[in-house]
Ligand code: ATP
Ligand code: MG
């Protein structure tokens, strides 16, 4: 089934000047980028986005880290996109990320782990809706 997923290149990865490298990898294995924007998240936007983690000890760290600078947010389309994209980015802890994954190559640590990917169908729907109007998404013509 063709699915959509949401991804965010996190501030430290934007600062490393590797947006193009990451996009190339994503396109190379067949994802279509069907929406994209660069913004700096406000505290309120970041808290709303990561609300499921609000009771966690590391919550302040992720809010601080994701609001440090601009992020690149994009919507991807592909067969089985949600799981395929999680496989491409690798484990949350980059020390456990498989070789060749984006986090293995570009993460600094658990907080600065380069990139976000939606973790389920429900998350993908919520997250895409959180950042994009339908008019800002351009489904691929097959
Ligand atoms: P993301 O949602 O950013 O794609 P994820 O789904 O792999 O990451 P989550 O469990 O949703 O992981 O955690 C959200 C973010 O919180 C992680 O990307 C990471 O930066 C941070 N995080 C998760 N677990 C920890 C932890 N134990 N210690 C510090 N930071 C953590
Ligand atoms: Mg997550």
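Cβ from N, Cα, C; glycine included.
Residues annotated as active site, pros-phosphohistidine intermediate in TrEMBL: 116. The Cβ neighbour count for residue 116 (active site, pros-phosphohistidine intermediate), using a 10 Å radius and every protein chain shown, is 21. For the recorded site, residue 116 (active site, pros-phosphohistidine intermediate), the DSSP three-state label reads strand.
Listed in sequence order, 10, 92, 93, 94, 103, 107 are the same-chain residues six or more apart from residue 113 (ATP binding site) with CB atoms under 8 A from its CB. The feature ATP binding site is assigned by TrEMBL to 10, 58, 86, 92, 103, 113.
Helix, strand and coil counts under DSSP for the domain 'Nucleoside diphosphate kinase-like' (2-139) come to 64 helix, 28 strand, 46 coil. Summarising the annotation, TrEMBL assigns domain 'Nucleoside diphosphate kinase-like' to 2-139.
Residues 10, 58, 86, 92, 103, 113, recorded as contacting ATP, have a largest CA-CA distance of 21 Å. With a CB cut-off of under 6 A applied against ligand 1, none of the binding-site residues 10, 86, 103 are retained.
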